[in-house]
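Quick look at what Swiss-Prot annotates:
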- 384-410: region 'Disordered' (REGION)
- 16-36: transmembrane segment (TRANSMEM)
- 84-104: transmembrane segment (TRANSMEM)
- 124-144: transmembrane segment (TRANSMEM)
- 165-185: transmembrane segment (TRANSMEM)
- 198-218: transmembrane segment (TRANSMEM)
- 260-280: transmembrane segment (TRANSMEM)
- 288-308: transmembrane segment (TRANSMEM)
- 320-340: transmembrane segment (TRANSMEM)
- 353-373: transmembrane segment (TRANSMEM)
Amino acid sequence: MTYPDPTLFGHDPWWLILAKSLGVFVFLLLTVLAAILIERKILGRMQLRLGPNRVGPRGLLQSLADGIKLALKEGLVPAGVDKWIYLAAPVISVIPAFMAFAVIPLGPEVSVFGHRTALQLTDLPVAVLYILAVTSIGVYGIVLAGWASGSVYPLLGGLRSSAQVISYEIAMALSFVAVFIYAGTMSTSGIVAAQNDVWFIFLLLPSFLVYLTSMVGETNRAPFDLPEAEGELVGGFHTEYSSLKFAMFMLAEYVNMTTVSALATTLFLGGWHAPWPISIADGANSDWWPLLWFTAKVWLFLFFFMWLRATLPRMRYDQFMRLGWKLLIPVSLAWIAIVATTRAMQNQGYQGWVTALIGVAGVAAILASLLAWRALRARRRRTSHSPPAQSSDHGAFPVPPLPVKEPADA
């Protein structure tokens with residue numbers, strides 16, 4: 001197996017670069033089409049119903065039919081909107097979603113028509129920071145969509161999304177720091193190479209748990225889908241959008257889901273490395289086989305997104321903000337200090353660093369769970385001691401006094 005050097009990218013012939021770009025684009029589109037269909041099937045199964053089963057054999061062409069339907073629908077532009085910003089917002093959301101996948105390694109070096117090339121479009125010395133920066137741009141499309149729509153509900157959805165990204169982008173970035181410390185690089189291909197022996201999910205479990213929570217909040221998915229909460233904001237930031245403009249927002253959402261899943265695979269699950277015991281077999285991590293392992297790991301995270309949507313109710317906005325600022329960020333900072341100390345001990349010649357770090361990771365995860373359980377208990381205690389609600393007969397906002405028939409005198 002050969003790990004690509006970031007300095008060697010950019011030397012492929014133009015047709016090979018074009019082919020790899022087209023391959024990444026097709027991979028994302030097919031993943032989105034499959035994810036939408038599989039999500040609807042899983043939700044149907046969990047809700048004891050069939051799900052889509054009419055278009056094509058067993059409903060396999062439902063996503064394609066939905067795409068054609070959206071393309072043929074009339075594109076309405078509401079009166080009073082800022083037209084150019086209104087039309088540009090979906091484009092601003094969807095383009096960064098595709099750009100982030102440019103530095104994700106899908107496999108090792110392979111031979112394509114006699115040319116040796118990495119299954120990766122490009123790489124940078126700060127590739128992970130590039131992904132963090134590019135994915136942050138997508139929120140501008142959501143905020144502009146809410147502002148340009150000229151309606152209160154989309155505006156509130158856009159503001160919620162901006163606050164959500166600010167809060168959880170910090171926790172997500174802090175979860176990367178421990179990976180940088182252990183890998184010694186910010187290059188995605190370098191991080192994958194550093195996990196040749198031990199995956200970082202075992203060494204850096206608290207960082208993985210923080211990232212797992214942050215990626216759900218970053219993508220505005222249930223139970224953190226507050227910018228488009230139907231019960232509060234109708235449709236949120238895309239209430240006034242229809243036709244292909246709405247389809248672009250949906251495409252951006254599912255591409256972002258795929259991107260954060262691929263990044264989790266790259267940082268914590270060994271990237272394209274085969275899982276044990278498959279990795280023992282000769283050739284499991286060479287040629288085109290790693291693309292299969294990478295895709296399977298990405299789908300594992302996509303199923304996690306779907307499972308959360310089917311099982312958990314939406315959180316309140318104050319609970320969501322409290323989770324990010326009062327739990328995830330402090331835990332990340334404490335964990336970074338532990339990892340940096342352990343790494344310094346290793347550099348000083350300490351030999352049992354792997355076992356020690358795994359033990360510390362377990363202790364830190366237990367402490368984080370205890371803190372979360374204690375906070376939940378305190379909140380329940382406060383709720384149980386709250387004063388009883390006033391009888392509706394006497395009137396209490398928002399219920400006016402109700403007419404009550406006086407009992408007849410005995």
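Cβ from N, Cα, C; glycine included.
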Residues outside the transmembrane segment (84-104) whose C-beta sits under 8 Å from one of its C-beta atoms, at least 6 past its ends, are 24-25, 28, 77, 120-124, 127, 130-131, 134-135, 137-138, 140-142, 144-145, 147-149, 188, 240-241, 245-246, 248-249, 251-252, 255-256, 258-259, 262-263, 266
Sort out for me which stretch, of 165-185, 198-218, 288-308, has the most Cβ pairs below 8 angstroms to the transmembrane segment (320-340).
165-185
Taking residues 6+ outside the transmembrane segment (165-185), which of them lie with a CB under 8 Å of any CB in it?
125, 128, 132, 136, 139, 191, 194-195, 200, 203-204, 206-208, 210-211, 213-215, 217-218, 267-268, 321, 324-325, 328-329, 332-333, 335-336, 339-340, 343
